[in-house]
Amino acid sequence: MEGRVGHGTRMAGYGAIDPSIRNEKITWPVIMSSIVAASCGLIFGYDLGISGGVTTMPPFLEKFFPSVFKKMADATQSTYCKYDSHSLTLFTSSLYLAGLVSSLLASRVTKVFGRKFAILLGGCTFLVGTVLNCAAVNVAMLILGRIMLGFGVGFTNQAAPVYIAEMAPPKYRGAFNTGFQLFIAIGVLCANIINFVAFGLGNWGWRLSLGLAAVPATFVLLGALLVTDTPSSLVERGKLPEARGALLKVRGANSDIETELSELVEACETAREVDKVSFKTIFEKQYRPHLVVAGGIPFFQQLTGINTIAFYALVLFNSVGFGSDSALKGAILLGLVNVGSIVVSMFMVDKFGRRALFIEGGIQMFICQIGLASILGATLGLSGNGEITKASGIVILLLMCLYAAGFGWSWGPLCFLVPTEVCPVKIRPIGQSVSIAVHFSVTFILTQTFLSQLCHFRYTIFLFYAGWIVIMTTFVVCLLPETKGVPLESMHTIWQQHWLWKKFTAQPTTVST
């Protein structure tokens, strides 16, 4: 007998199952494994916060970038241009160039050796980079350390979100995956607090700031040694007994895991039938939607301007007239707002969905960018020689906090969540590598050019980012289907129902009984 297979039942080549028969319990092994994987965000966030703070410390600038140190003391220099130095920005951006390279290698590593191994490898290389940076005696040693840090961040950023997505129950996947961005925000906040303390320690304060990156790196390494790899990864590598044990552990000792295990086996076997998967597979027509979404979201996330603000919060505050002490306190406040907003996102993402948060966050950030441009234009002007009043400074800080909040409950965590959801197991590591590679590529370009842009664009730099926010919000409205609550193995159904992407994706096939 031949019949059409509907949504929620098993389909040839897809292996979808009814979500209602899944085990949706949250167990302690799931929580602990997700925390360990999410803690990879600590090393990324710590670096985001620490590098921007260190580059404002006079002893660090005097030792490695004396030309910038002299411009800081030059009263005739425009406030927009005091930190404009390509060698200084290379110190920050070299990490993201290395992260780009390692993220492309990471898809193969996670596929062959597993998600856990990639996390361990990333933690080790990040630790080596920390030692080099802390002990640096010249710019070359600094850059080499940054490159090693970049390899570490590239591997962990590729593996950790995939690990969490594969471990978490579908009903709570959004909240669990948001934990990665939460740890990034916690890392940034900790770095800002440490910079505040280190700023007053004199010539060795910057070494303390850079050296303490070893703490989150060690936490990641030790944690990764204690957890199992994901059932999907174990099945993919032919380790069925280990996969059964891992699934039983994370779903609960008394759980019926055979349905989910058979689903994973079928999905992986289907992938092997059309394997060997190469990196170019994701460029095939049937995976066009996955490629566009996996690459488009991180591309637009960076063009919100958030990372350039995170990198250079202290520089930015100093450039627009805040004193060193006030700038450090402002950066800490931004970090607190970001952490709080991500916690809010953890409770909203599985209730209201991904699209609603993307759109609301975009509107909020757009308003804030327009407000920042207006105030800076009215106070500093194009010359940058104007003066910011206390009232204007408070409004600037308020707008930046609202901007950070809008990002924190929308584009921040969702950038790492959605790309891991939309790709089938066959191309999931490749899709995540594309996502991280795009993320690092755009980040490298923006961080390398931001201080020069600030010098040349002046206050209109915020209008530049506001324009991109309009484009990226339109992208979400038109091209992003809702993924809330959809099991990973059933994700193909969202493409088949989309007005555009249904033209590219395969339709459900018939089965004979």
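Backbone N, Cα and C define each Cβ position, glycine as well.
Note: TrEMBL annotation is automatic and uncurated.
Annotation source TrEMBL lists domain 'Major facilitator superfamily (MFS) profile' at 33-484. Look at TrEMBL and you will find 26-46, 88-106, 118-141, 147-168, 180-202, 208-227, 291-315, 327-349, 361-382, 394-418, 430-451, 457-480 tagged as transmembrane segment.
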Local confidence of the domain 'Major facilitator superfamily (MFS) profile' (33-484) - pLDDT mean: 85
Within-chain partners of the transmembrane segment (394-418) [C-beta distance under 8 Å, separation at least 6 from its ends]: 157, 161, 165, 173-174, 177-178, 180-182, 184-185, 293, 297-298, 300-301, 304, 306, 309, 320, 330, 333-334, 337-342, 344-346, 348-349, 354, 357-358, 360-365, 367-369, 371-372, 375-376, 388, 435, 439, 472, 480, 483
Contact yes or no, the transmembrane segment (361-382) and the transmembrane segment (457-480), 3+ Cβ pairs under 8 Å, gap 6+: yes
Interface present between the transmembrane segment (118-141) and the transmembrane segment (430-451) (three or more C-beta pairs under 8 A): no
Cβ contacts the transmembrane segment (26-46)/the transmembrane segment (457-480), at least three under 8 Å, sequence gap 6 or more: no
